[in-house]
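If you look up TrEMBL, you'll see 34-111, 114-211, 223-304, 313-395, 401-488, 492-578 marked as domain 'Ig-like'. Taken from TrEMBL, the feature domain 'Fibronectin type-III' applies to 591-689, 694-791, 796-890, 891-985. The annotation region 'Disordered' is assigned in TrEMBL to 873-898. Look at TrEMBL and you will find 1-20 tagged as signal peptide.
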């Protein structure tokens, strides 16, 4: 018999979850308990599982009860791990209340009671009649089952399951088949298939016939979400959650998913091909939030939403340390209506009430606990609706002090002047008494040394003399044990050159110093923090650590965002010190805010605004900029006051143009520079006014006889000052007093012609042009003198003669017209050319300013009539008598043929056949050879009257050569380009035929 010891430790462990350490020995804990179930009875289902699983160390073994009696394992009952397998179940023999019992060396626990029933089901199915285009839901009606099942559907008895898509969806929550829009191909028999994922048993429903109604076709309608997920769903860490969403509608709705907070869906999310199921595996806190399913078609959309709440699995673990013969009190509380009644079990059996054991409601009191009280305890709370269980384990252990799992720290480094905490936490039952010694001397409390209640030794204001070996001694009635550590005292680390607060300007670079002194045996580590965040020098372009053994920080190309607090932190193995400084960055001002346009006149606008951030340098001035539809970008405008000081937040813009749309913005400046502009104001329009700008560049002259032509530069739209803008044109003969006026209502007008046959040619007129709009008449231009139109030349050119150049070109010459034949300057001549037999009205005309003209593009062997007439600003004069001229015969149409070439170093030798002209063609007078380097090179021309030629060309380049026949009628047809390839050192030759292209050795035909 084991001796009862008065110092034994009692440990109460909550067994609602697993223990903190898998290796700890403990009593059984249920992880899965049986639940009330209804199982179907079918000839094809011969087995039924009732679940039960517990964990414990050692591994528990199991027993089962039915209707209060233990089950003998036989042909009908088997244990599969902790689960109960019923073979060939029978409704009468195997229905009842089942309970699982788990036991190991620490005790026994019993599961909740589970009522198990067996039923047979009616399998008849009614015909479903539906219109084409309508939606339909086919109910699965699964049989009674226990555990996870999977639903599928079979169509018309086919061997494969019905494929799901955007139109058809099978819910794994209800088992129902949803068809968003019925088509004619959907007619047939549908069978629901249910498979138990634990037993792998499969059940088939009776077929559900679907027939099509012929009375009508369903019209289009907006989506209706028929399958949706809960409004709130708690999901535990690491689990997988599936959300179902499917809509009925015509056209078939599309399903999309999104988060309402705007964040993208996690990359690990899985969405099936029909988009009806969204799965989030390995649920994490960042996956929590509100998710939306959006169903949409051309008739509208519908939205379903639900919140996923992250839930941490409960881990209720607590320990109660109690000495032997102490009073133990446990309380079990449960809520319910009617009020539950409590019972206590020990090791699966009703607790035997002795004189010292008291049970009062849910309270259990055991005074003067001893070893025999160890075991598994369960509180059972029950009412007419059922019963629930809570389990706990009571252990009694005893041991001497042991430092094996938590020895005193072997070596402790501490800076001089600091404080050290030496922990002494041996494992002992009952609790050990603690003492400390240094060397052979036991320590007592002093002003600097304190032994705390839990055995920890604290020494403050450390000096070098405190260094040495310290031993913790632990005692209890079962023995004594000790553990020793060494205290090493080091010089403290000090920052000798700390960073100082500094001002800087945008774009500058500064260095914040950080130099330290300390124990030479310690290696300091420098870290810099900016506004509380550690600076990562590998990812920051503006920050660099410099200084070698020091930890100086360089901030390059400072920007406004670098303003803030900088902390240099120095770490050693014994201490940490830090120093802080503030960096103030001065920069150009931020953009002014709240720009408002107030009172507006025809030339002014009042503006007001609020100051933006000054970036640590006060605003000195504000400037105003404006933009109109006619300006190029933003332009500075004049204001009152002329220079707006930094303390003023309003100004009047002046010298604006009337009746123009303006936008304004404000720009602040300080001693650092010019800041960003404000947001532009709303577009406003100045009021209309009388025009103030007169037309410029008034001139005239020209036109037909009897005309006075007046021209001017039109007023730009931004200077028209109002609506209904136009011009007032006034003129009078020079020397007279009466003005003749006309009004032009077009703002784009730039020319006016006055016609009167009585006006003599080249008469002088005084002319002025004014402006007006709906507000009144504005100023007029300066008066200028304009001449009326001159008269046309009265005589034709004389001595017209021609020279035929080729089959397509003629040169024409004539004597210039005399000044007496025209009252004003001749500005050119018109040469008319037409074929013999045609009318002069059909003539082609060429205008020239000289007394000669080249006519080209003519026909060969053709008679042409040529006539010339003079022209001035008033028009053309009479034509000269027509002269006859005949073009030459056309050039030969046949190109040179049978071209042969030979390349020797830098010389090309060419030869070809003579071209013979046809009867209606000009005779050949020679040949023209054109050659150039590649397609884009400059062309050189050589003429010869022979049928061969040698060309001196640089070696190492490709050449293109053409050959044409020459004649009085012009150049004949070209042979076409012949490509002679570059040959740096070899000789080559080739042959080219003008017949359809044939390729010969060493010859290129293009």
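Our numbering is plain: 1 for the first residue shown, then up by one each step along the chain.
The backbone N, Cα and C atoms fix where each Cβ goes, glycine too.
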Going along the chain, which residues at least six beyond the ends of the region 'Disordered' (873-898) come within the CB cut-off of under 8 Å?
-> 701-705, 761, 789-798, 800-802, 804-810, 814, 817, 821-822, 824-825, 827, 830, 832, 836, 840, 858-867, 912-913, 915-918, 920-922, 924, 927, 947, 963-976, 991-995
Among 34-111, 223-304, 401-488, 591-689, which stretch has the highest count of C-beta pairs below 8 Å with the domain 'Ig-like' (313-395)?
-> 34-111
Please work out the helix, strand and coil residue numbers for the domain 'Ig-like' (223-304) from the DSSP assignment.
-> 3 helix, 45 strand, 34 coil
Secondary structure tally of the domain 'Fibronectin type-III' (591-689) (DSSP, helix then strand then coil) | 0 helix, 49 strand, 50 coil
